[in-house]
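Asks: Sharing a structure with you now.
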Amino acid sequence: MTEKHLFTSESVSEGHPDKIADQISDSILDAMLEQDPEARVAVETTVTTGLVVVVGEVSTTAHIDIQKVVRETIKEIGYKNGKYGFDGDNCAVITAIDEQSPDIALGVDNSLEVKNGDVDPLDQIGAGDQGMMFGYAINETPELMPLPISLSHHLMKKVAEVRKNGTLAYLGPDAKAQVTVEYDDNNQPLRIDTVVLSTQHDENISLDQIRKDVMDQVITKVIPDKYLDSNTKYFINPTGRFVIGGPQGDAGLTGRKIIVDTYGGYAHHGGGAFSGKDATKVDRSASYAARYIAKNIVAAGLASQVEVQISYAIGVAQPVSVSVNTFGSGKVPNQKLVDAIRKVFDLRPAGIIKMLDLRRPIYKKTAAYGHFGRTDIDLPWEKTDKINELKKELDF
């Protein structure tokens, strides 16, 4: 008898309170990078009814209007005219921004390697913190992402599309989706077991209409027919009402959706959030590098799935460790993969920044609908341009 198992991942919309906070933090980061590509930025945002609070540490020559950036971001998401209990024009915005700690800057500006006499310019920047970061790729979708998180993101993007283009103009900005996939004993996706989708809506719309419209205009347009059958379960706005949402319904905070941002729980996570951080913070840049490595390994046919871990010590440029797990799917030994990774990819913070060109204002667009597997935007860590170098290094 074939043993089947279920796996579930979720995504949230750009109007979810935590995602509003992420987008504000990354909008501020982008605004600073536009003026000062060398800016050191660590910005955290919290949102609640009628209030946005922005705190953090910044070292930059940029002069930006944080109030304007915050308000424009909120309005772009869809919170304007007071319609959904939160309004970019009328909310209060409080900021408390300090300079980066000189003790941290001491290790980031001049790494341990430089202090010991190394002169390679890419050794200059030390890791901004200790920690471990993970990257993952699997060949079950064209973008080399796990199917549950991929479908969850696509559902949320479709909800935003039909809200903004007027197809379902009664929808509000806040929404969540969750997809449960049934796998066979070879870990191949068989079918969709359950779809959960909750979306904010205007008060005068009936639940029956919402359920029909979401089914017709979102779910059936996103999920391939081959995965749906008569036993697939759908829970559309299962509470029966979702009028109050966004920051009026729940407070939001930067960095609270790290699993949505990555692989939907399908792979490990080092715990560090991305949004609001410049590329000297390895929480962000090394996670992007790890995904870049993993995607190129799978795209090269060296494994059908792989998880890459990189770890750092604060103030030290070279990673403390690099490891891989191919879950038995590798075509070459793991140690050979690690050796090839170290030769093909420069994993010093300055090396990652150069390799992926990370001193650009490219981050706001990553702050909703996932940082990985994106086909709608051009992200450097999603490129598969290291395939030939990896194969050559491994004689594959």
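Note: Cβ is positioned from N, Cα and C throughout, glycine not excepted.
Feature list, courtesy of Swiss-Prot:
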BINDING   His16, Asp174, Ala175, Lys176, Arg241, Phe242, Asp250, Arg256, Lys257, Ala273, Lys277  ATP binding site
BINDING   Asp18  Mg(2+) binding site
BINDING   Glu44  K(+) binding site
BINDING   Glu57, Gln100, Asp250, Lys281  L-methionine binding site
REGION    100-110  region 'Flexible loop'
Asks: How big is the Cα-to-Cα gap, in Å, between Ala175 (ATP binding site) and the residue listed as 'K(+) binding site'?
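Replies: Distance (Cα to Cα, whole Å): 22 Å.
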Asks: Could you check the binding-site residues Glu44, Glu57, Asp250 and say which one's CB has the most other CB atoms within 10 Å?
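Replies: Counting every other Cβ within 10 Å of each candidate, the maximum falls on Glu44.
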Asks: May I ask for the distance between Lys277 (ATP binding site) and Gln100 (L-methionine binding site), taken between their Cα atoms and rounded to an integer number of Å?
Replies: 12
Asks: Restricting to the region 'Flexible loop' (100-110), report the mean pLDDT as a whole number.
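Replies: The average pLDDT of the model in the region 'Flexible loop' (100-110) works out to 70.
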Asks: Below 8 Å Cβ to Cβ and six or more residues apart, same chain only. Which residues does that give for Lys281 (L-methionine binding site)?
Replies: Ala42, Gly128, Asp129, Gly272
Asks: If I take the Cα of Lys257 (ATP binding site) as reference, which of the binding-site residues Glu44, Glu57, Gln100 has the closest Cα?
Replies: Glu44
Asks: As a test of the contact definition, list every same-chain residue at least 6 positions from Arg241 (ATP binding site) whose Cβ is closer than 8 Å to its Cβ.
Replies: Leu207
Asks: Roughly how many Å lie between the Cα atoms of Gln100 (L-methionine binding site) and Asp18 (Mg(2+) binding site), rounded to a whole value?
Replies: 24
Asks: Near the residue listed as 'Mg(2+) binding site', meaning Cα within 10 Å, which of Glu44, Glu57, Asp250 (binding-site residues)?
Replies: Asp250
Asks: Which number gives the other C-beta atoms within 10 angstroms of the C-beta of His16 (ATP binding site), all protein chains shown included?
Replies: 28
Asks: Of the residues named as L-methionine binders, Glu57, Gln100, Asp250, Lys281, how far apart in Å are the Cα atoms of the most distant pair?
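Replies: 30 Å is the greatest Cα spacing among the residues binding L-methionine.
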Asks: Determine, from DSSP, whether Glu57 (L-methionine binding site) sits in helix, strand or coil.
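Replies: In three-state terms, Glu57 (L-methionine binding site) counts as strand.
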Asks: Where does Glu44 (K(+) binding site) sit in the DSSP three-state scheme?
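Replies: Reduced to three states, the DSSP call for Glu44 (K(+) binding site) is strand.
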Asks: Which whole-number value in Å describes the distance between the Cα atoms of Glu57 (L-methionine binding site) and Glu44 (K(+) binding site)?
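Replies: One finds 9 Å between the Cα atoms of these residues.
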Asks: When DSSP is mapped onto helix/strand/coil, what comes out for Lys277 (ATP binding site)?
Replies: strand
